[in-house]
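Quick look at what TrEMBL annotates:
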COMPBIAS  526-546  compositional bias 'Polar residues'
COMPBIAS  628-645  compositional bias 'Basic and acidic residues'
DOMAIN    138-241  domain 'Ig-like'
DOMAIN    243-320  domain 'Ig-like'
DOMAIN    334-423  domain 'Ig-like'
DOMAIN    430-517  domain 'Ig-like'
REGION    526-551  region 'Disordered'
REGION    620-645  region 'Disordered'
SIGNAL    1-23  signal peptide
TRANSMEM  559-582  transmembrane segment
Amino acid sequence: MELPGLICAFLLVACCCCRRATGVPGEAEQPTPELVEVEVGNTALLRCGPSHFPGNLSHMDWFSVYKEKPTLIFRVRQGQGQSEPGEYQHRLSLQGPGVLALTQVAPHDERIFLCQSKRPRSQEHRIQLRVYKAPEEPTIQANVLGISVNSEEPEEVATCVGRNGYPIPQVIWYKNGLPLMEEKNRIHIQSSQIVESSGLYTLKSVLKVRLVKEDKDAQFYCELSYRLPSGNHMKESREVTVPVFYPAEKVWLEVEPTGMLKEGDRVEIRCLADGNPPPHFNINKQNPSTREMEEERSTDNGLLVLEPAQKQHSGLYECQGLDLEAMIPLLSEPQELLVNYVSDVQVSPADPEGQEGSSLTLTCKAESNQALEFQWLREKTGQVLEKGPVLHLDHLKREIGGGYRCMASVPSVPGLNRTQLVNVAVFGPPWMASKERKVWVKENTMLNLSCEASGHPRPTISWNVNGTASEQYQDPHRVLSTLNVLVTPELLERGTECTASNSLGRNSTIIILELVSLTTLTPDSSKTAGLSTSTVSPHARANSTSTEKKLPEQESKGVVIVAVIVCILVLAVLGAVLYFLYKKGKLLCGRSGKQEITLPPSRKSEFVVEVKSDKLPEEMGLLQGSSGDKRAPGDQGEKYIDLRH
């Protein structure tokens, strides 16, 4: 029995030796492969064991093992490498003794690579190649249709997609920053993946949740976790919210603006509810007569706009909401709306009038739901004359006549006031500004003359010449008459007169028409020589006649300045000539103070200095007529200094 046992042991050892001698890779039990990690697209360096590897590195074979089947892919003979035909033929190269480089690593390259040396004896080394690729930024799509809290099953909240990753990343869902886990009948996460043609994975994850009312503002997002050679990483999507539908439990009413309201404001009465979507609203107002709530018409669901708000809008309002899904009516608490007002401002007497020297008393009253304050203002100046509802006007004069305004205001409501205007009339004959006035015109041009008068009763105006006249009533006591007439020689000779009259008297003004000659025009004034409008209006002086519309004061000043400059230039030329003659010795000055200016015979007749008056006619800028006939120097008020003798 001992001999057969020894024989069996010998044969077993021989078999093991024979199997090692055959050199078939992968058949014997192998140690754990060496791990090499690389990202997609990079180059993987495969080393045939550590530096003390006992094999002959100048004579070896490389294999790829796929589904436990080794395939020869590269040979090394006498230190020279040669790729075998196949998928790795153009991506392998020898980088040094025992180092094989694999370029453009792809996901399908994740497998075991084996190197085998047969000299001096058979040795092999296994390498596990791991391939990684970070996925793209995750995209998330929320359910925009919304989810009802009455749903009995988890509803789709959002879908998360992570594209082109390797290996498959892990997805984690979050709500308000807290991770979500699977929960029966509450939370369900359904994930799937697609293998792209490149070998990369696209992950799709769907989150389903039974939402409650408190989730109406919840923020959801997804996170992708993945690994690279450098370690673990993650990417987050943006946050999304989902419409949550839930029935209303409460209805209330809001008014804008807040605070004290007044007539004229834009007031909004709005119904609100805590449901989504909001229920259908009706806005009701209490009828002050029947005390019943009546529906108000509104253009928008739950919004009533009062523009402008009026005192009759004050009252008791309430909102009524009807949830169309649950069909349950809801009522808000009634709310009082108060529109403050000031109305019916009246002044008595309504048409105040009096004789000169007499007195008048004006009384103002108004209606309001608040305490009132009164002020009296002069209409034409805005000056506050009196505080209180009564204004006393003593010793009436013509100047006191005109507009007076009563203002009734509510101090507790800023901006709430109403006014009433009355015109005080003082009996008297027509009142005009002056008795006589000159107007500068051009012959054969159309001229507009205006005459204004005031008085009580209101006067009428007539003209002594034929033309087209029209009247405008400035206020109950003033009238403006405009006459359009052709400037003719007869009109220049006669002049014009406007007469204002009423039952208490008459008054008039005479308008003298003067032709504008070329010598009375400066370069600036000649540009406006075509102006032919004259306005005659009341002045501050009583019982006078009319004035004409003048050119702007700045233009009149310009005319004076030009005249002064001309005079200065003439005097400067004269002084220069005298100085020149003095230097040449032709101007002798004695103690007697009187010498003859000696000039060459040829030049004695050349030096004539003209000094013009710097004063133009007073109304030169008003009406400038045509060039007309030139007058003699003596008629134009000009002065001459003759230096010839």
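Each residue, glycine too, has its Cβ placed from N, Cα and C.
Against the domain 'Ig-like' (334-423), stretch 243-320 shows more Cβ pairs under 8 Å than any other of 138-241, 243-320, 430-517. Taking DSSP states H, G and I as helix and E and B as strand, the domain 'Ig-like' (138-241) has 5 helix, 61 strand, 38 coil. Per DSSP, the domain 'Ig-like' (243-320) is made up of 3 helix, 41 strand, 34 coil. The average pLDDT computed for the domain 'Ig-like' (138-241) is 95. Break the domain 'Ig-like' (430-517) down by DSSP state and the numbers are 6 helix, 61 strand, 21 coil.
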